[in-house]
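**Q** First the structure, then my questions, so here it is.
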Amino acid sequence: MASTTPITMEDLQKALEAQSRALRAELAAGASQLRRPRPPRQRDSSTSGDDSGRDSGGPRRRRGNRGRGQRKDWSKAPPPPEERQESRSQTPAPKPPRAPPQPPQPPRMQTGRGGTAPRPELGPPTNPFQAAVARGLRPPLHDPDTEAPTEACVTSWLWSEGEGAVFYRVDLHFTNLGTPPLDEDGRWDPALMYNPCGPEPPAHVVRAYNQPAGDVRGIWGKGERTYAEQDFRVGGTRWHRLLRMPVRGLDGDSAPLPPHTTERIETRSARHPWRIRFGAPQVFLAGLLLAAVAVGTARAGLQPRTDIAAPPAPPQAPRAHGKHYGHHHHQLPFLGHDGHHGGTLRVGQHHRNASDVLPGHWLQGSWGCYNLSDWHQGTHICHTKHMDFWCVEHDRPPPVTPTPLTTAANSTTAATPATTPAPCHAGLNDSCGGFLSGCGPMRLRHGADTRCGRLICGLSTTAQYPPTRFGCTMRWGLPPWELVVLTARPEDGWTCRGVPAHPGTRCPELVSPMGHATCSPASALWLATANALSLDHALAAVVLLVPWVLIFMLCRRACRRRGAAAALTAVVLQGYNPPAYGEEAFTYLCTAPGCATQTPVPVRLAGVRFESKIVDGGCFAPWDLEATGACICEIPTDVSCEGLGAWVPAAPCARIWNGTQRACTLWAVNAYSSGGYAQLASYFNPGGSYYKQYHPTACDVEPAFGHSDAACWGFPTDTVMSVFALASYVQHPDKTVRVKFHTETRTVWQLSVAGVSCNVTTEHPFCNTPHGQLEVQVPPDPGDLVEYIMNYTGNQQSRWGLGSPNCHGPDWASPVCQRHSPDCSRLVGATPERPRLRLVDADDPLLRTAPGPGEVWVTPVIGSQARKCGLHIRAGPYGHATVEMPEWIHAHTTSDPWHPPGPLGLKFKTVRPVALPRALAPPRNVRVTGCYQCGTPALVEGLAPGGGNCHLTVNGEDVGAFPPGKFVTAALLNTPPPYQVSCGGESDRASARVIDPAAQSFTGVVYGTHTTAVSETRQTWAEWAAAHWWQLTLGAICALLLAGLLACCAKCLYYLRGAIAPR
């Protein structure tokens, strides 16, 4: 009885090795008989390949020299030419008449675990030809009575888990006369692919062996034989099949080979069979690789490479402050010293960790000041104009009488007060005297930071160390390279194994907050690949590409020598896809009108029709958030739409100004003087009361000390700049939403099958044509729909909501459940709250995030000319709870309700065999439009490549399968751009116009987002060359090629002149 334990590949290998040992012993015993020519044999119709005098009921005997000690393997190679010529020269024996049918013989199969296979079902006597005809296959092109050569017989293996792990061995030959001919569709004839060398196996084994399967689990090698392992199901039973793959034509002719094999070329040396010969290309590539490595190593050893992984160190302070360096050099807190990052700092009346309040590039938030000790000794940091300044003050007595601050002609000098100077943490209205400028204005970090003045008092003590420089050296003149510190600046924070680096320190690698520094050639080559275009980049590309080319050459030659090129091609390139013959074919059809496919008859989607009953639901006008503003290089006196008419657009400014719950703010940036008149900081206190005494305005006036005023460049340092922003929720006259209800919806797909038109629906998904029956997997109908026709600024867009709303449940406040007017005059929802305006600097880390609900961010933009600055406005989503808003419509609707998420599945039943390939080339011209992570499908369209169906994936996510040609589908995107699209092989990048969930809202939410136009732009030659480096490179290459061509022409003319008129 057969064992019930499942067979494994290890058991298969052991069975093959045991059988090979038995055959080697059998061949060694009969080696002398194999060398003698055999007499002609009579063909027996019942055995179809066995000797006439052999007992078919006994154990099977393998034919052919398959021992490991033989030089030739006749089981898969033709006889030598001399033997073939000798056999042709002999007179063929007369062919006897066909013998009458004989009783069937037991099959020549055995189990892998020593058990016996079940006896086959009894049936009519068959030979290979009759068995092929009985299976419905056409007869071969050659004479079926011709004796098949014994070396044509090969062995394949078959086992099933449902058969109790019975392991079958099937003996067959690929053809009866040499290489089989190709069928009309370019595949091998199935009648010639399976002709058993013995009686017909059991019927269920034959069905399992002939079951089409296009997937391969693995490629296996046994000696010089190659097998393909497949896993499939037949009638609910899982089968495993190990197919022998043909290597070359059996008769030695030059007939075409199957698609999954390649020509075998001998690459072994006659003297050393194990060696593989290489030619000049391999030697050249190896030399090129060594040269690139040598040059890259030499360049890496000249100077250390630094991998910048963090923002660079703050720029140095101006040279004008260096004169104070000698006074307080020993008291300066530098980066990396104790008590800086890990110390406890005093902020107002509280003590906080330094990491919580330390301002600078290293923490997000606004700038501020902190104290290292008590209030008698204050140390402060200020950031202005992209530079950091340290200000130290020692033992300042309390102020006696405050004295207004007198401003000098520029920011580098200041007047000295007449009384005793006050400490830095005096009141806001107190003045500080005796300070030397250089710190400038600042902004607070915390609300409790009220004891720090708006101006930092104290001496400007900016430390000026020499810049850090490295060098590379060797120990005793031998590798490896070491990094030596020539000069070190403490604030750079370079450390070696956790210890701060000093001049003279030697270390394999230095680490700092800015990145890593090393002299290693390997690290230098790696850094060269990541840097911008340079010679190191080219060398790194050669070093990375050439080894793979050499590896490919080595594997290709080695695999061709071993006869496994078919397996390597199958695994690496496209997978082994045997011919799939059957009565059913399944493919996909995209859902855009005009899509076509082959199944195998041409099928085209002529159109899609949507049928429903429509009920009008009225019209309404939604709220809309609008914002505008201006960047002005002075302080305006009339802050209104009329007073700022030269800077702000008139139409949106008037609409926002007349709206309800508007937010209007004017920020004064670094305003110290205007028109030559001195002004105090209190002139722009929060609320702007002092400013409004002289300039009446309806907007809030806020100071913006510490923000960069570089947008208005071309001024002395005592200039001012103001930013004006205006935002509110308004009812736009050109934005309306009309509601329509659709019931009893149904989608009708109009197909053209080989010229025959038919319509399919969910009730009737079949098409009966003269070529066969087509069954379509139609997606379900969407059901009841709600259509929102959104008109805005002359453009119309329809959004669809699935299902009927539950007006007595959670959808009670939705626009569908409201009573709308036919003329769109009703404004839906309550009046929203006023938006919040915020001035954000251009280098603020806050810009890396998105604005919050109901927030509007304004940022000055530097112009290309003096006195010209712009404004960039960003707005977040709606900041109120009302759901009658455009973003509610986008979140609860879709752009196309009846558009299915995937393609149509087509199952075509026909009488002729069909084979459907699969495309591997990347799709072309793919465009992605919509949003991601928003619950609404995005539109994906492009061109599928030829060669079969394209199983499209976007960033690794399966979208569907499409035939060659144009496709249009909808997919839920979970990742942001860029998007890599692929059909299963090579990938390509798609163009995308998508928005994130925060930006998904009614079109035209922010009417700001504009920049004040600049009359002209200027560009230097260096900037132009940097922007057109690729064209310049190609032009230089073409110029060199043209110069070489002209030189060749000149040389030819020179020799031609000498030939015509020799001297």
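Every residue gets a Cβ built from N, Cα and C, even glycine.
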**Q** Would you mind checking which of C758, C807 shares a disulfide with C767 in Swiss-Prot?
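**A** Swiss-Prot lists the disulfide between C767 and C758.
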**Q** According to Swiss-Prot, the disulfide involving C824 connects it to which residue among C619, C631, C1038?
**A** C619
**Q** Which residue range, 563-582, 663-682, 903-922, is the one Swiss-Prot calls region 'Functions as E1 signal peptide'?
**A** 563-582
**Q** If you count the C-beta atoms lying within 10 Å of each candidate's C-beta, which of the disulfide-bonded residues C590, C712, C931, C950 ends up with the smallest number?
**A** C931
**Q** Select one residue from C653, C824: among these disulfide-bonded residues, choose the one with the most other Cβ atoms within 10 Å of its Cβ.
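**A** Answer by Cβ density within 10 Å: C653.
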**Q** Relative to the Cα of C619 (disulfide bond), which of the disulfide-bonded residues C590, C712, C758 has the closest Cα?
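**A** That would be C590, nearest by Cα distance.
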**Q** Return the member of C590, C595, C758, C824 nearest to C699 (disulfide bond) in space, with distance defined Cα to Cα and candidates limited to these disulfide-bonded residues.
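**A** Nearest listed residue in space: C824.
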**Q** Return the member of C767, C824, C931, C950 nearest to C712 (disulfide bond) in space, with distance defined Cα to Cα and candidates limited to these disulfide-bonded residues.
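**A** When the Cα distances are compared, C931 comes out closest.
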**Q** Under a three-state reduction of DSSP output, how is C758 (disulfide bond) classified: helix, strand, or coil?
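**A** The three-state answer is strand.
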**Q** Name the residues of the same chain, 6+ apart in sequence, whose Cβ is under 8 Å from the Cβ of C758 (disulfide bond)?
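**A** Listed in sequence order, they are L751, C767, N768, T769, L774.
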**Q** The topological domain 'Extracellular' (1050-1063): mean pLDDT?
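**A** Looking only at the topological domain 'Extracellular' (1050-1063), pLDDT averages out to 63.
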**Q** What Cα-Cα separation, expressed in whole Å, is found between C950 (disulfide bond) and C590 (disulfide bond)?
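**A** So the alpha carbons of C950 (disulfide bond) and C590 (disulfide bond) sit roughly 11 Å from each other.
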**Q** For C983 (disulfide bond), write down the residues of its own chain that are at least 6 apart in sequence and whose Cβ falls under 8 Å from its Cβ; none is a fine answer.
**A** A919, L920, A921, P922, P923, A944, P945, C950, H951, L952, T953
**Q** Going by C-alpha distance, which of the disulfide-bonded residues C595, C824, C931 is nearest to C641 (disulfide bond)?
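**A** Closest candidate to C641 (disulfide bond), judged by Cα separation, is C824.
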